[in-house]
Structure formats: C-alpha cells, structure tokens
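Let me begin by presenting the structure, written as structure tokens, before commenting on it.
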C-alpha cells in the first residue's frame, strides 16, 4: 500500500477532487435534474433535454467514471467526466458554478494521457495561479471598493478611517499577489499561507452567516492541494511556464489568458474567476401591469414580491429556493429567464432591473 502511494503522488488529489464535487452535488441535487421549478437556460437552442431516467443514468455514469478515475486516471475515464459536465453546462448555464467547474478543470489536469505527473502538477498550479490572480484583479473596481468599504465601516468602525480605506483599496492587489507568489519557489510558501488565511476568514464569515456551505469543499480542496503538492516540493518557475503539451496549453488559455477578456466584456464573469468582485450584477424581473401577475403559474407566482406597489421576482431568490444556486450572472441568462416568464403572459409586461 505504501509503495502504491509513493508511486501515485496524485491519488489523494484525485480522491479529494471527487469528494469536493460529490459533497455540493449532494447538498444541491435539484440543479442536475431537467424537470424542476426553475427554467433551464441552455447556451443555444436545440440541445436534447433528457428525461428523468436519462438524468439518473448520466448522474450514475458521471460518478462511476469519477470514482474509478480516482484509482485509474486514464484518459478513457477522465474524458467522459469532462464531456458529461460540458453537456450539463450547455443544457443549463446555471450549472457553471465555481465549486463544480473548477473541479472539472482539475479532473482535466489530472488525466494521464501518458504517465507524466509533472505535467498534471503544472496544470494544477496554472489553475490555482489563475484563480487567485484574476479573482484579485477583478475586484479592482469602484463598486467593490464601495461595498467592501461599507462593510468595514459597519464591522470595525473603531479602526481609523485611513486604515479602513487603505485596506479596502489594497484588497484586489493583495489577493492577486497571492497568485503571483505561487509562481516563484521562494515566495510560494508565503502565498500558500496567505491563501489559507484568506479562505479561513471567508469560511468563518460564511459559517457565522449560515450560508455558502457548497463552497467549503472546493476551498478545502484548494488549500489541501497547495500544501500537499507544492509546499515542501521543488517545482520551479521553469516547470510552470514551460507550456508545451496540448493539455497545458488548453489550461493556460482557460486559467491565464481568457479571464483577461472579461475586462472588455468578451468573457463571462464567473468563468473568468471574477468572484465576489461586485462586477456580476444580480437581477429582478419587474412587472408593469400588476393585474397580469395572476396569469403566471403557481410555481412562478409564488416568487412574486411587492414593494412600494411594484411587483417583481428576484431571480436569485427564485433560483435559491428551487435549485439551491444563484443564477449564472450574465445578461443572456437573465433575458432567457424573462422570456420564459413572459411566455405565460398574453402581452409582455415586464422589464429587467439590475442591482
């Protein structure tokens, strides 16, 4: 047994990846079924929609492949995992949640097309560098500064104003620097500890607030992987930036290059690691003719709220109640949900409001 673990250094990474996907899947099962009380939003029309039995077959197949992949990281086991998830995400973009797709990125990184664990480690580190670097830089915007500053004013008003403001403006660059620290051998341990402290603060906030439990497995997976693979192991900058194999090129584009285009509106916020950045906007559907609300079916009408004699549906509240996740925050998704709601009305009487 000991010789097996010595030969297969990545076994525990695959095992924890499996658990990191399985746990939020169990916590939020409804998002994976086609028949539900919140509309599926496909990336494009014409994708075959599975019935309940096909949903079950896909789920069982996915986890069967994933479980065997933990012990045998062959491409013929790993590729079906990736393809099934891609199909699920194409069928409903709300399945593109970080605690799912980042694990699938890791699965792709761990696939052994040939016995080359160094390549897998390179790909894993590329994903982690990109995650923290871009998550930090995307927070460099006035909306984030305002929200973060107001939060500090409420929680620690006794701290001098200059210190609160300085910390607020430093947050994006601090987090981005954690990703940069992972690149260099001499700073990597600092980066790992700082990332660990940051995640400990985030998870403590979630625990006190009583929300965000689906994020815990991915967070713990990232910290475990950093310590297990990179804390006391030699992995030079040349090992990281020597991008030659197709798998490394693909993940370099996904983790390092594509998120840059989010700054210009050409790439999705969440896929670009824009986490808690205040850039993705939430959305409500407002109704201009309140008398038409009764035309909506019960499973939609139950989500209608009233404020100052205006009626609206908060899409995140609706999604959270029915499938357990927030709506994928892109305009095209909000517009598709609006079209779905309007399809039950004789005349279109709604508009979107972002907040």
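For all residues, glycine too, the Cβ spot is worked out from N, Cα and C.
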From 74-91, 290-307, the residue range that TrEMBL assigns the feature transmembrane segment: 74-91
TrEMBL annotation of transmembrane segment - which of the ranges 191-208, 317-334 it falls on: 191-208
Selection from 52-69, 97-113, 191-208, 251-276, the stretch that has most Cβ pairs under 8 A to the transmembrane segment (12-32): 97-113
